[in-house]
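What follows is a short report on a single structure.
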């Protein structure tokens, strides 16, 4: 049984196993001064409780959304005052400014409205880099969420292998398998709903472009796909007042929906890898119990 830390001394005592007797002078090692003192650790607990590490939060994009709205407002005001220095097919000053700011930040860049002066070109460069930075923040938050989820899964798997006895292994396998299957089914359902919403958005965008912008069905679908993937060749775009009002909301919703769908696909892959990893740990624990 492990002995307690020696009070008042900078020594760590190694645990004794069985009836083994070791000279206490050989058991003591000085603690490195560069390592922080672990004064809050109780006997038998070398690590904090797993509940402390299992605090995984869903990615919050509230600050990103607030920052995006702020940048959109600033960009709209700037492009409105510089609207005479933007060339292309214009409809309304405020509408064109919001529309141009959206297609710049989302890096769609149709090309129907383009900057035509030094100031507008520099401003467009700033907002295009800002859009890339926003995408990077969103991807970073999603990646942090997936990493935290992986860490949570690993800790849960290790805790289960430590807590289960040899008589409870089979029951633990069945319970954990049902739980993970439920999680995978839940994420798959969300993925299906998001994919269905994305298909609906594609159909709505295609029909709208064909009906309002008077594009051919193939050209309308081509414009929708180039928008969703932020390709934005510019040969097909929204050129009417109603079309640009629609584009302001449709571009944001559809691109965010696509990003959400990709996150769910990655999460499904993560859950399946976790299921395989837990099975490996449980089987290994079972084999260890049989051998011992």
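Placement of Cβ uses the backbone N, Cα and C atoms for every residue, glycine included.
For 64-82 (among others), the entry in TrEMBL reads transmembrane segment.
The domain 'Potassium channel' feature in TrEMBL is assigned to 67-147 (among others). Mean pLDDT for the domain 'Potassium channel' (67-147) in the predicted structure: 86.
Below 8 angstroms of C-beta separation, residues 68, 71-72, 75-77, 79-80, 83, 86, 88, 124, 127-128, 130-132, 134-135, 227, 230-234, 237-238, 241, 244-245, 247-248, 251-252, 255 of the same chain, each at least six residues beyond the ends of the transmembrane segment (94-111), sit close to that stretch. Positions annotated as transmembrane segment by TrEMBL: 94-111 (among others).
Annotation comment: TrEMBL describes 123-143 (among others) as transmembrane segment.
TrEMBL lists 191-212 (among others) with the feature transmembrane segment.
If you look up TrEMBL, you'll see 197-268 (among others) marked as domain 'Potassium channel'.
The transmembrane segment annotation in TrEMBL covers 245-266 (among others).
Broken down with DSSP, the domain 'Potassium channel' (197-268) shows 55 helix, 0 strand, 17 coil.
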